[in-house]
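S.K.: As annotated in TrEMBL:
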type     : residues : note
TRANSMEM : 35-56    : transmembrane segment
TRANSMEM : 62-79    : transmembrane segment
TRANSMEM : 91-120   : transmembrane segment
TRANSMEM : 132-152  : transmembrane segment
TRANSMEM : 173-199  : transmembrane segment
TRANSMEM : 205-226  : transmembrane segment
TRANSMEM : 269-290  : transmembrane segment
TRANSMEM : 310-328  : transmembrane segment
TRANSMEM : 340-359  : transmembrane segment
TRANSMEM : 402-429  : transmembrane segment
DOMAIN   : 457-568  : domain 'STAS'
REGION   : 575-594  : region 'Disordered'
Amino acid sequence: MSLDFDPSQVKLARFRPKILDCLRDYSREKFIKDLMAGLTVGVVALSLCIGLGVASGVEPQAGLYAGIIGGFLVSLLGGSKVQVGGPAGAFVGLLAIIAANYGFANLLLCTMMAGVMLFAMGLFRLGTLIRFVPQPVIAGFTCGIAITILLTQVKPFFGLQLDKEPGEFLPRIAALIQAAPSVNWFTTGLGVMSLLVLFRWPARWARYVPGSIVVVVGGTLLVWLAQLEWVQQFFTFKVATIGSEFGGIPRGLPSFAWPRFDWQQLGNLVVPAATIAMLGAIESLMSAVVADGLTDDRHDSNQELMGQGVANFVTPLFGGIPVTGVIARTATNIRSGAQTPVAGLVHAVFLLAVLLIAAPLAKHIPLVTFAAVLAAVGWKMGEWEEFTRLKKRLRGDAAVFLVTFFLTVCVDLTAAVGFGMLLACVLFVKRVADTAQVQSMMGNESDAGQPGHEKHEELSEKLPNGVVIYRVFGALLFGAADKLDMVLRRGIEDTQVVIFHMAAVTAMDSTALDRLENLHAKLSKHKKHMILCGPHTQAYFMMEKAGFLDAVGHDNVAADLPSAVERAKALLARDAAASGGKPKQGGASDTPTE
């Protein structure tokens, strides 16, 4: 059995950024709205880009470069009118592990590889497939990522003295507990105050001044005051800042440089790169869907992936970390009145202006303020209500959620999504298999109510001895194909013709077809016959393409059940004539029953 593949049937997506359509009727009024929205999002993104760079285990400017270059390219080449791209909290734990295990240069290579994968996904129209990721898997790794973000902020939030923080969950917990006596109470107090401001900052004020900017600026001023000489005479404070930990952020445009990487590590980077690509695709398309709901627009998922691919290939060439569409910044963009992707371009230009003008001031920013901002992001990211819903979920869905969650936290995101998807697929196959049935139409079974079918009582009177009918319904996929074997288990010694009533078969795969072929071969070996009744389009096409209908004989493919019974009678008569006997007529007493 073989199914031919024609490459010419593969239709590639067209590369057409959304901004081209938006600029057709662009006006001064739209530009003013985009300008104000872009500046607002830029203010929000400033602290997040720097903080996410630090939290990812790299230098802070790597996050800022990602927001500038990646954010610009996502808006310029993406498939959404209002999507805003940049570094995301979802990447934090994964990037920290990659950077620790393979180094920053190989992290950049991973990002470029992920960019190629994302572009290929969009080019081959795989954008719509993201919706097939089950909700328990998404909720599980989202909660797991939130826990990972919170854990990565424990050290800077409490000012712990820890030379090297492990990337793995259990070693990290052990290291944090061991470093607990070194807690810096001034740093902790500043972190608590920052969290209070972030969670209590009025929404009406946040439209003009985001709470994250208030926390960063306010925390920086407080630390500056605490370091004045007259204050130091009474109290001595030591707070980790960007300057003390990283030496500051370089002023000026990021320079182009091809990353120097270890070719021997290339094979080891494929899985991490695929994880970055998958996570970026899910995050960006989820954000685009949310944006569609807020704007009554419709994004192009394939173009969005291609735009993300270009952004993630180019950004590492300037020292930036992976980027994706981000829900929080996109929602802020929409609420601020964004009309077109120009708002996202303005946001990136604003970040660039800050880098060129105010980069030297960044060295005074205390890391605890970024820790508070990211802790708030992590807390808001988690879908914590899923834990309270576990009792209301099916046990299988609850298991998928918990497995994905615990693997995300305790192992890594690659294993979590892989095992989560595998478990979800197994459950799906089982549920599909449970719906598929192969039933005898004799006994208490009846086809009454089905168009073109006769009632059991009328059918029994016309059915010759040696003929059995099995009604097959549901999806005959590999998890349910073994149900066809029940025909052999019931025995075919007294059976001359087997009719498979397939009008209710919704789908069939190669495993089920293989079982039918084996069954037909065994029937033919004993000079018995198989009749197929009413197969629908997908099943009919598959059997025709594989040559199975030729093997069965097109005369043995009936449109409805009465035609199938008449064909069975003709086969019995032909066999009887060939053997010199007479076909048996009458009831169906020899027919197997349920």
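Each Cβ is built from the backbone N, Cα and C atoms, and glycine gets one as well.
How buried are these features, and what lies next to them?
M.R.: Same-chain residues lying 6 or more positions outside the transmembrane segment (35-56) and placing a CB less than 8 Å from one of its CB atoms are 62-64, 66-67, 71, 84, 86-89, 91-92, 95-96, 99, 149, 152-153, 156, 207, 209-210, 212-213, 215-216, 242, 245-246, 249, 321, 328-329, 332-334, 336-339, 342-351, 354, 362, 365, 367, 369-371, 373-374, 377.
Same-chain neighbours of the transmembrane segment (132-152): 55, 89-90, 92-93, 96, 165, 169, 172-173, 176, 282, 286, 374-375, 377-379, 381-384, 386-387, 393, 397-398, 400-409, 413, 416-417, 420-421, 424, counting only residues six or more beyond its ends whose CB sits under 8 Å from a CB of the stretch.
Nonlocal intrachain contacts for the transmembrane segment (173-199), taken as residues 6+ away from its ends with a CB within less than 8 angstroms of a stretch CB, comprise 151, 154-162, 165-166, 211-212, 214-215, 218-219, 222-223, 226, 237-240, 366, 368-369, 371-373, 375-376.
Within the same chain, residues 40, 43-44, 46-48, 186, 190, 194, 197-198, 235, 237, 239, 241, 332, 335-336, 364-366, 368-370, 372-373, 376 sit at least 6 positions outside the transmembrane segment (205-226) and bring their C-beta atoms closer than 8 Å to a C-beta of that stretch.
Note on the transmembrane segment (269-290): residues 74, 79-80, 83, 85, 88, 90-91, 94, 98, 102, 106, 109-111, 113-115, 117-118, 121, 127, 130-131, 133, 138, 299, 301, 304-305, 308, 312, 322-327, 330-331, 413-414, 417 of its chain, located 6 or more positions outside it, place their CB under 8 angstroms from a CB of the stretch.
Counting same-chain residues at least six beyond the ends of the transmembrane segment (310-328), those with a Cβ under 8 angstroms from any Cβ of the stretch are 44, 52-53, 56, 58, 61-63, 65-71, 73-74, 77-78, 80, 83-88, 90-91, 95, 107-109, 111-112, 114-116, 118-119, 254-259, 276-277, 279-281, 283-288, 290, 304, 377, 380.
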S.K.: Restricting attention to the domain 'STAS' (457-568), give the mean pLDDT.
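M.R.: Value for the domain 'STAS' (457-568), mean pLDDT as a whole number: 86.
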S.K.: When secondary structure is assigned with DSSP, how many helix, strand and coil residues does the domain 'STAS' (457-568) contain?
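M.R.: Tallying H, G and I as helix, E and B as strand, the rest coil: 56 helix, 29 strand, 27 coil.
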